[in-house]
Amino acid sequence: MSDNQSWNSSGSEEDPETESGPPVERCGVLSKWTNYIHGWQDRWVVLKNNTLSYYKSEDETEYGCRGSICLSKAVITPHDFDECRFDISVNDSVWYLRAQDPDHRQQWIDAIEQHKTESGYGSESSLRRHGSMVSLVSGASGYSATSTSSFKKGHSLREKLAEMETFRDILCRQVDTLQKYFDVCADAVSKDELQRDKVVEDDEDDFPTTRSDGDFLHNTNGNKEKLFPHVTPKGINGIDFKGEAITFKATTAGILATLSHCIELMVKREESWQKRHDKEMEKRRRLEEAYKNAMAELKKKPRFGGPDYEEGPNSLINEEEFFDAVEAALDRQDKIEEQSQSEKVRLHWPTPLPSGDAFSSVGTHRFVQKVEEMVQNHMTYSLQDVGGDANWQLVVEEGEMKVYRREVEENGIVLDPLKATHAVKGVTGHEVCNYFWSVDVRNDWETTIENFHVVETLADNAIIIYQTHKRVWPASQRDVLYLSAIRKIPALTENDPETWIVCNFSVDHDSAPLNNRCVRAKINVAMICQTLVSPPEGNQEISRDNILCKITYVANVNPGGWAPASVLRAVAKREYPKFLKRFTSYVQEKTAGKPILF
């Protein structure tokens, strides 16, 4: 059949494929996500022979690559929000990469796609070659082995279709024969009528004959048979009209019977396919249900590693999981700190404590005016009682310690001012502020610092410090650059106590610029201490049982980056009271049995 022939020959002719040159090799520096501790690190990346490899640096390529992936089946995904980032995934392995700028990223993506295309998996020419082979095999076999084995009645259907094709040819021949017969008959009748009309016209001029009764008749009957002989059309003497009609009826009956059989076979095939379709739909329903269950279980598991789960407004981790991760990390740090404190013996340097007069002077450094302004603001506003203020919320109360918070947000970033009051027996304000300000003992009581150093010493009572805090995943690591000043504020009257204050506030310095590793936080913190002395009995000397230190601690912190508000407030509520208790206990421990420092 013509249709079958055209189907068999489809796909046998193709345009010759154009050969393209080999893909261009590429190498350069990209930032690669290493892990949640070290974050993004610059790596030397080489694209060659359908393989992407990376080295620690260009100088260390001779030592071998640190990792490589084949790009044949890799999936390259540009990030939705970060214009410089793109991800490459092969099965369960995912590389997170960042370029210098969007144009640089697009160049890398194009080069990787070219290597992937030339590998054969992503090539259109490869797909065309495979498709042509399938078409040729299908054309040679007529029907695929799968379809013929799936339905054995398919042979009967094809046979019936062939029979219908034969019936069609027979019917066409019969119709042509009958049509020819009718055309010849019509031509013969037309010629006969034309001849009769001509003879009648010629006889109109003949004289009539007289009959015995006096009537006149035309004398034309004598030649009637000669004039109008019986005409038989030429070319139809060999046609059996009756036989052709019977055959025509039989052919149409055969076509109807074959059509009926084909319809019956197609109905049976449809029923079989419907059963298969129902089974496949049931399988699909089960698979979708299993997929939903697997995704639900996956969401319950903790997520680690990828930068998509870091802190930020586009983080894939929700607030509850974010808080759980932060809390778990803080608990681990506390356990490590407790273990290290119990195992090691602290080394203490005999730091001479200057007299109070050394900290009473204002100084002459370039930040003198700023320090004086900060000190006066804290002395004016920080010592005010906020217990009855509706804007301040009492979030923690443990014995003498009370912690207040005022909720403030700016551009989605939590900037809650915090204020805590406490009363500690056996220590003076000078001692508390000295231990809080001194960098020699900072690591003894501060457990959140990873490292710190003094950037510049401005005066005996003022220094600039740069410190990096330990990272708490999934939050980004923070660093702080601040000026720390300690001051003694003399009492205005004899009944007023002396006040010691340590003021820490953020500044800028050329020796500690911003870096990509940490988020720079801004702080304004003050530790304000006043010493109250109860007179001893009799003529006894003042002991530590007679002194009480009233502490006011205020903190205004800008975290420098986005994090869930509920998480920040929950962590602050947990960590600030813990810090005050740990620090005051440390001061009590270090001053016990030593002379009182007023």
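Every residue gets a Cβ built from N, Cα and C, even glycine.
The compositional bias 'Polar residues' annotation in Swiss-Prot covers 1-11. The region 'Disordered' feature in Swiss-Prot is assigned to 1-24, 202-221. Per Swiss-Prot, the feature domain 'PH' maps to 23-117; the stated evidence is sequence analysis. According to Swiss-Prot, the phosphoserine annotation covers Ser126, Ser132, Ser135, Ser315. Sequence annotations record features per position, and here Swiss-Prot assigns coiled coil to 268-301. Swiss-Prot lists 321-327 with the feature motif 'FFAT', giving similarity to another entry as the kind of evidence. Look at Swiss-Prot and you will find 363-592 tagged as domain 'START', backed by sequence analysis. For Glu446, Gln467, Asn504, Tyr553, the entry in Swiss-Prot reads N-acylsphing-4-enine binding site, with the evidence type similarity to another entry.
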Fill in: Number of helical, extended and coil residues in the domain 'PH' (23-117), per DSSP
22 helix, 42 strand, 31 coil
Worksheet, complete the sentence: Sequence-ordered list of residues in the chain of Gln467 (N-acylsphing-4-enine binding site) that lie 6 or more positions away and have a Cβ within less than 8 Å of its Cβ, or none, is Ile449, Glu450, Asn451, Phe452, His453, Asp479, Val480
Item to complete: Just name the winner among Glu446, Asn504, Tyr553 (the binding-site residues) by count of other CB atoms within 10 A of its CB.
Response: Tyr553
Worksheet item: What three-state secondary structure does DSSP assign to Tyr553 (N-acylsphing-4-enine binding site)?
Response: strand
Response to the item:
Taking every pair from Glu446, Gln467, Asn504, Tyr553, which the record gives as binding N-acylsphing-4-enine, the longest CA to CA distance in angstrom is 20
